[in-house]
C-alpha cells in the first residue's frame, strides 16, 4: 500500500479506535490523503458515502480503516456464527481483490479481526477452509462470493458494513446483477455502513447507490490533471506494417526499467508477447485467459524486478499497485477514453516521473479525438524514421512454447533482452 500525497489531517485526530491507530502507525501511515481526509469523518459519523477517486489516491486505506473501526465500535449481531461475515468488500477483478486483502492483512493484526479472500481461479476447498475457521471481513469477487452463498458456506444476514470498489468497472464487466443479488440478501441499508468508490460517479453508479445505500454523501477527489503532470506523453502514427518494429525500436532506445504494454485484445497481447519473448526480453503476459496462479506469479515477478515488461489487457490497468513503472506503451489506443487515463496512471506515481508512449495506428487512431477531449489537451506528437527501425528481428514465439527468460549465462554475463544497438539511430523529431 503506497503513501500518496498527503494533507495536514492526522489519523490520530479523527477519533479512531486505538487498535486501528496502532495498525496505521505500524505501517507508517500518519497523515491522510485528500480522499481519506474527506471520507473518514463522514464514515466515522455513520454516514454512507459514494466516493469518486482514481486508483492511487489512498481510497483502499480509507475504506479499510472505516470498516475496521465500524466493526470495533459496533457490537456483533446476537447469535452470529463465525462463518457469517460482518463486512463484505467486493472488487471487480481477482487481482484487485487480492491487493485489497493483502493491504487488509498488513493492518488488521492489531484489531483482532479476521479477513478471508474469495475469488475464482483458485481452489474452492482452500478458500472454504479459511472461511470455516471464522471470518469477520470477506473480500472477493462477486461470482465466487455467490458460489459460497449458494453452497451454504456463508450468508449475508449479519452484514454490518459493505464496500463496493471500482463500481464503474463492475458495470463495464457485467457484474451488476451479481451485486444486486448480494445486496438484496443483506440487512436493510439503514442497518449497515455502506461505501461505494468509483472513478466516475455516472448516472448508473449513482442509481446503484440510491437503490442500496442510505442517502450517501458524495465525496469527490479529482486530480489537478487527469493524466498527471509528472507523466511525459508521446504519440506516434505508425502504419500497421511498422507498428511492431517501432515498439521494439523504442524499447531498445528507451531501455525501460519496468514497462507495461497495453493492447486491446487477448490475441494482440499474445502477439506482442511472442515478438518480445523471441527477442529475449524478460516479458510477462497478463490476460483474462492466463490461469490465476500464473497471473499471481507474473505480477510478483514483475513487482520484484524479475520481469521487465508486462504485456496486458485492461485487466491490469485499474486497481493494481505496481511500484516504479517507468514506461507505459499503448500499443493500441483504448476504445474508452477513461481507460487511457487508467493505463498511463500506472507510471509517474508517488512523486516519480513516468513516460507514456501511444500508437495511433490505422485501426485505433479513430479513438484519439475522444481521448484528447477527455484529458483536455493534445498529446504531443513525434515522428520516426522508418529506415532506422529494427529489421534483424526473430520470428515471434507461439504462446504454448516456454520462452527462455534467463538473462545471464553461467559466467554471469547478460544474454539478450534490451540488446545493444547494431547501428546508430536517427533522433526522433518531437513536435510540441
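Positions of Cβ are set from backbone N, Cα and C atoms, glycine also.
Feature annotation from Swiss-Prot assigns ATP binding site to 53, 54, 55, 56, 57, 58, 59, 60. All chains included, 23 other C-beta atoms sit within 10 angstroms of the C-beta of residue 58 (ATP binding site).
The compositional bias 'Basic residues' annotation in Swiss-Prot covers 417-426.
As annotated by Swiss-Prot, domain 'Helicase ATP-binding' applies to 40-219.
Sequence annotations record features per position, and here Swiss-Prot assigns domain 'Helicase C-terminal' to 245-390 based on sequence analysis.
Residues or ranges marked as region 'Disordered' by Swiss-Prot: 396-432.
Positions annotated as motif 'Q motif' by Swiss-Prot: 9-37. In the motif 'Q motif' (9-37), helix, strand and coil residues by DSSP number 16 helix, 2 strand, 11 coil.
Here Swiss-Prot flags 165-168 as motif 'DEAD box'. For the motif 'DEAD box' (165-168), the predicted model reports an average pLDDT of 88.
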Inset, instruction - Count up the helix, strand and coil residues in the domain 'Helicase C-terminal' (245-390) according to DSSP, in that order. - result: 61 helix, 24 strand, 61 coil
Inset, instruction - Report, as numbers and ranges, which residues of the same chain sit near the motif 'Q motif' (9-37): CB under 8 Å and 6 or more residues beyond its ends. - result: 1, 3, 44, 51, 53, 57-59, 61-62, 65, 68-69, 72-73, 106-112, 219, 221
Inset, instruction - On the DSSP side of things, how many residues of the motif 'DEAD box' (165-168) fall into helix, strand and coil, could you say? - result: 2 helix, 0 strand, 2 coil
Inset, instruction - For residue 60 (ATP binding site), just count the other CB atoms lying within 10 A of its CB, please. - result: 27
